[in-house]
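What follows is a set of notes on a single structure, which appears directly below.
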């Protein structure tokens, strides 16, 4: 919508005398001030272009009076030619200044800054309307939240966020909108008017400002800074939503459960949890989603598109948030700190998961065996032991696995064999220590392994005083794939090759090609454990030195763990005795030395189910 400002010597009937007048170029109505002109501009239908204001030379007083007397302002305006056509959209204008003013809506140029807050505007009349907000001229106040507006039309658009009203429906796709300007922008997408494309990922936009916002997701630029907490954002709208958290403002409240939200989109997604509505359908797999962001993220998984690129290491990501989190690995930024042990984390959910270690909470309990877990994902993996579900399948050989990490380890055997030009050698289960009498029938069990020693009784879930063969002697099991069969699912499986395969497995294990390559000298190792042991000889791969003793580490986590040896901090306390430990893994090892009540699930139970070992009590 375009509104022109004109000089007038006499006011229109019913208005105060004013030196400037504002005229609508769609219907040629005139107004005595900018706010009234802007309110009127919003009343025109969605077919008009986005709100623009052009300042032109004033008409003579006689011509203005003649037009008012004739009452034929609309016809007179429509009869004039519009020789200045926009090359980016179908609009045309009578004068070159009007076209230049309109062109700012495509380029995103905002040459008129607010002297109070620095906000910039495309047109001077929009700046004048904005300045009224600094002067306190906000007569239109929302009844549902503290927001106020200088124009009634803006208040009506805002109130639709509370009521859920979306009167502007797209005839092509059915999508509806509350704001007519957003609806007009959406209509351009159907017209194919997306002249601004991203050079990195090819995504196209109808407006230059939208492209600029998108480009920040690639560059990581976040120019909008919160004055309260220092957090930065790539969009001003994101900063506005964030600032509501500090102000404790949640203007969007669910009528069903009373929960409040800072953003309209979050409120709308929440509403679907009550209705069960999932309007976003994936055409490839039929999966449905309740919010568009989850749907877009799911689609990228099908397409394999990872448009967000890390400049330092070359890694690609599907989401800008994932890239932002990954960048903390390079910068060392770990903003989430545990208040009990001073450990820091890259992501908030890592801190929440870590906090369960101190609290001892395990809210997710297995209904089959009673074992409890700190995370729902761990319970889901554990439940597959009971159900026999193995949802992760190898595309090369058809083998199935309980967890995705096991599938990834298995797939490496195919890749290494293809690189060596030979079929994969027969896999072995080697070096797996099991007590005598537990290996099951039909398994080839050689003599007891020398030097293994007696296992701690707690590792097998047995009290020290309980005798029997299960707590006295261990053997090394070396059996080929045909000996490993799950009795529940009937799927044969073996873990990847372990250390010592050449000693027990015979000649076939020697034929297996190396899998892991040193980053520094390209020397190959058959296992990741051997590779890590070898890489310790390269000081270049251990860039994190201890300032107290000079010992260096390959990662920051190893340095933090080592630093505790110089201090008295031992954050992990045993719930059964007063002992404390430097790490959670040391605590778990120690807990196994305590007697375990009969029938308590132990870490060996999933392994026993995998190998088809019958569940028996201690002898």
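Every residue, even glycine, has its Cβ placed from backbone N, Cα and C.
Annotated range for zinc finger in Swiss-Prot, selecting from 392-414, 415-437: 392-414.
DSSP states for the zinc finger (392-414), grouped as helix (H, G, I), strand (E, B) and coil, give 11 helix, 4 strand, 8 coil. Listed in sequence order, 94 are the same-chain residues six or more apart from residue 80 (SUMO2 cross-link) with CB atoms under 8 A from its CB. Comparing residue 387 (phosphoserine) with residue 154 (SUMO2 cross-link), their Cα atoms are 57 Å apart once rounded. Among the stretches 84-106, 252-274, 280-302, 392-414, 516-538, the one making the largest number of Cβ pairs under 8 Å with the zinc finger (140-162) is 252-274.
Helix, strand and coil counts from DSSP across the zinc finger (252-274) read 11 helix, 4 strand, 8 coil. When Cβ-Cβ distances below 8 Å are used as the criterion, the zinc finger (280-302) is approached by residues 265, 268-269, 272-273, 318-319 of the same chain, each at least six residues removed from its ends. Residue counts of the zinc finger (224-246) by helix, strand and coil are 11 helix, 4 strand, 8 coil (DSSP-based).
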